[in-house]
Amino acid sequence: MNWRTIIYVVLLVSLTVAKALPRTSRDVEGKTSIGQRFSQLHENNFKAIALIMFAQYVPGGTFGRAAGMAERVTALARSCAAAARDSPDCLKPLDRIFFDTICQEKNLPRIADCCAKEDSERNDCFLSLKNFSQGSIPPFERPDAEAACRNYSQHQQPLTAYFTYDISRKHPFLPAPTILSVALRYEEMMKRCCGGAEGPSQHLEECFRTQAPKVVKPVKEDALRQEHTCGILKKFGERTLKALKLTQISQKFPKADFVTVHKLVMDVADMHKDCCRGDMLDCMQDREDILQYVCSNQHILSSKIQQCCEQPLLQRSECIIHVENDDKPADLSPHIREFIEDKGICERFAQEKDTHLARFLYEYSRRHPEFSAQMLLRIGKGYEDLLQECCRPGAPSGCHSRGEEELRKHIYETESVMRTSCDIYNEKGDYYFQNELLMSFTKKMPQLTSAELIKFTKEMTAIGSKCCQLGQDKLLRCAEENLDLVLGEICRRHLADPINPGVCRCCSSSYAFRRPCIGKLEVDESYMPLALTPGLFAFHGDLCTTEEEKLQHRKQEMLITLLKYKPQISPEQLSSVTAAFSAMRERCCGEANPEACFLKEGPELIKRSEKMLSA
């Protein structure tokens, strides 16, 4: 079984896979059979998709069992295509064949309950196993270089197949095209680092160190984007997701008319519903149909996507997502006063509320590519609130005009927050900017672990590095949309294990206002500070490390502990304690026996710090 060939062929045929596969048991029996699917896809494509499906739907299985099931389904498809097309097994819908194959396996964990169900209920049950598996499997790690190359030289094809399986089970909601493109990058890394006939690269460890992120990063980014979108859909519903997609599509295609944009919004929302449920086959076909529509209608959508549409279908989606927005129409007026001044506004709002609000959001978004999608949603909510207030009986004259002043105020406040953050970042640099964030977020969310606080604030610091160098026309969108991804992670963490009432309120009340809400959180009054125990502040010789990154990490851990011990600490008190710690560290690290020095000086520092903190 040539798995490398399988992956290349799947990529080269683009996504004819999606068109050829069925759309689950909702399809009426008697439609295209498994034999016809096999003939359309060819064996290699069929087998690759089967491996991914079995890996994603059976989280507790093994590679051997997933590959074995893929072989059996492929053998059935081959026989159906060849001669046995009228056999009852050949006439079953493809997803039923997949689940029947799983249920024939013995001793697979957690599948017995699903196998006792039928058709759509069984499908839903298997989808729930995908949810269960998320987070239960350790993430991909950079392989040991020598062992990986030894394995590659001996088992080249099965190794790539195993990687495909491994990524599939670790990311059960990732679409097959993404997984296959990642497997191709993995194959290229192994070939580059381990070499061909001439043997492994001379700098093996360095090669893996530089190449592994190119394999893993796209997986992480795709998985994070998908989790984020699915989190919005799950928590805030379809209406919010459609509004978000409306702003994004209107910004990207400002020349497109409202009817065209609305069609795309509906199609994209339906795609996300299928993808978030874990229906891989539906998800693939939805994506294929959208890309086909976009590239067939370039003339009414955008002048910037021609190059994307010339790429293989697998690369098209990513290209269109990242391509710059099209230019605004030359005759597009800068203002949309008709949504404020038109006398028929209240009547239209009463008769077709959602359509009227959608048209406002479309018109405003296409005029403001410099605004973040979240800010545009807040503007849309402000407009809705304005109409609800001004269209009620007895509303004062001139009520509508107040909206423009409120809008200017909100835009100014949002831009000020981003500018101030960038001023701090540019002044302090990565490490000290992250420390500022740590002080803020440890007070807001002291229930998070040190590792979580450091992780989230490190991601926020990376946003500063990425966005603060941009001009004013791109800063706001870059900063808030990237920050929204991190806040989404925090809110999903809260959903799994509640943090505190303040975070609950911000993560639950409004998607558009999530960032301002979290920004306004202060010290969590419900938190019980840590007690001062002998082991709370431990000072050891590792503080004398010459590796700056390790030392900074250690200092940040101690900063978090201090803030969890004294959440109400003032900047002056923190400065005094920090200075005392630095003096002790410098003194002890200059000693012949730093560990003994810390053992003696540490308790004294704690006593002095207690006096400073109680002053």
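Each Cβ is built from the backbone N, Cα and C atoms, and glycine gets one as well.
Taken verbatim from TrEMBL:
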- Asp279: Ca(2+) 2 binding site (BINDING)
- Asp289: Ca(2+) 1 binding site (BINDING)
- Cys80-Cys90: disulfide bond (DISULFID)
- Cys103-Cys115: disulfide bond (DISULFID)
- Cys114-Cys125: disulfide bond (DISULFID)
- Cys149-Cys194: disulfide bond (DISULFID)
- Cys230-Cys276: disulfide bond (DISULFID)
- Cys275-Cys283: disulfide bond (DISULFID)
- Cys295-Cys309: disulfide bond (DISULFID)
- Cys308-Cys319: disulfide bond (DISULFID)
- Cys390-Cys399: disulfide bond (DISULFID)
- Cys491-Cys507: disulfide bond (DISULFID)
- Cys506-Cys517: disulfide bond (DISULFID)
- Cys588-Cys597: disulfide bond (DISULFID)
- 1-20: signal peptide (SIGNAL)
Return the residues near Cys103 (disulfide bond), defined as same-chain residues 6+ apart in sequence whose C-beta is under 8 angstroms from its C-beta, sorted by sequence, else 'none'.
Ile111, Cys114, Cys115
For Cys507 (disulfide bond), which of the disulfide-bonded residues Cys149, Cys194, Cys276, Cys309 has the nearest Cα in space?
Cys276
Close in space, distant in sequence - Cys319 (disulfide bond), Cβ under 8 Å, 6 or more apart:
Ile305, Gln307, Cys308, Gln311
Nearest by CA distance to Cys309 (disulfide bond): which of the disulfide-bonded residues is it, out of Cys90, Cys125, Cys276, Cys506?
Cys276
Neighbourhood of Cys283 (disulfide bond), C-beta criterion under 8 angstroms, separation at least six:
Pro175, Met271, Asp274, Cys275
Can you tell me how far the Cα of Cys295 (disulfide bond) sits from the Cα of Cys276 (disulfide bond), in Å?
24
Out of Cys90, Cys390, Cys491, the disulfide-bonded residues in the record, which is closest to Cys230 (disulfide bond) when you go by Cα distance?
Cys491
Those disulfide-bonded residues listed as Cys295, Cys588, and which of them has the most Cβ atoms within 10 Å of its own Cβ:
Cys588
For Cys399 (disulfide bond) and Cys517 (disulfide bond), what Cα-Cα distance in Å is obtained after rounding to a whole number?
27
Whole-number Å distance between the CA of Cys149 (disulfide bond) and the CA of the residue listed as 'Ca(2+) 2 binding site'?
36
